[in-house]
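S.K.: Dumping the structure here so I can ask a few things about it.
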């Protein structure tokens, strides 16, 4: 099947689904200039980067995280959503998309206008004190982190940690359970920019397949679910530009 035919089939599956869910990974944000983790030029190819999200390292010395995250996390306010983010937001606004499940921690879905976003690896939107549970916003912590300082709780002077899931921590239970429920209800799950290598998130498409739903995959690397996919595409940017054209034409006609 030619790519143009795949784009048409994909759009048809989106608009005809009764419960359409999108599952996104770091690949969609490379279009916004954010490095992924495991790609050929990903963050984990750089020396010591895995220490950034190591919970034991954080408790020993939070400055390791804050120095490494200064640009990657606290420069996010300078990043703009890519076409994947904006089209997904428009699909939700138009009533086609029920939910976005994301492994990303870059807040770009929300910046694009998506409302129902399940962040299964946590979020930097809130930082909390590891001692007294005082919370602070991303914006306030970012101001401090950008200066090179380590943010502290104003009440007890303990460390402030982002509500991101570090290695050594469990995923946020509520978000994961909600993601499992959404995938179970989905009659169509669109997998975008993730190679599905990290569990338990990597198992989510199985909930859709087990319950009779269909999946499609747009990713530049193979995934374990490719053999189950109705549609396989590689180029996220081109795919979503084509979907954007079709969505715009449909909305104009209606």
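Glycine is treated like the rest: Cβ placed from N, Cα and C.
Remember, TrEMBL labels are computer predictions, not curated facts.
So TrEMBL lists these for the protein:
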type: DOMAIN; residues: 1-250; note: domain 'Deacetylase sirtuin-type'
type: ACT_SITE; residues: 121; note: active site, proton acceptor
type: BINDING; residues: 129, 132, 153, 156; note: Zn(2+) binding site
S.K.: Inside 10 Å of the Cβ of residue 132 (Zn(2+) binding site), count up the other Cβ atoms and send me the figure.
M.R.: 11
S.K.: Would you kindly give the Cα-Cα distance separating residue 121 (active site, proton acceptor) and residue 156 (Zn(2+) binding site), rounded to the nearest Å?
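M.R.: Counting only the Cα atoms, the answer is 27 Å.
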S.K.: Given the recorded Zn(2+) site (129, 132, 153, 156), which additional residues of the same chain have their Cβ within 8 Å of the Cβ centre, ordered by sequence?
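M.R.: These residues sit around the Zn(2+) site: 130, 131, 133, 134, 154, 155, 157, 158, 160.
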S.K.: If you measure residue 132 (Zn(2+) binding site) to residue 121 (active site, proton acceptor) at Cα, how many Å is it?
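M.R.: Here the two Cα atoms lie 23 Å apart.
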S.K.: Between residue 121 (active site, proton acceptor) and residue 129 (Zn(2+) binding site), find the distance joining the two CA atoms and give it rounded to the nearest Å.
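M.R.: Their Cα atoms are separated by 19 Å.
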S.K.: With an 8 Å cut-off on Cβ-Cβ distance and a minimum sequence separation of at least 6, pull the same-chain contacts of residue 129 (Zn(2+) binding site), or say none.
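M.R.: Once residues fewer than 6 apart are set aside, residue 129 (Zn(2+) binding site) is near 135, 153, 155, 156, 158, 159, 160, 161.
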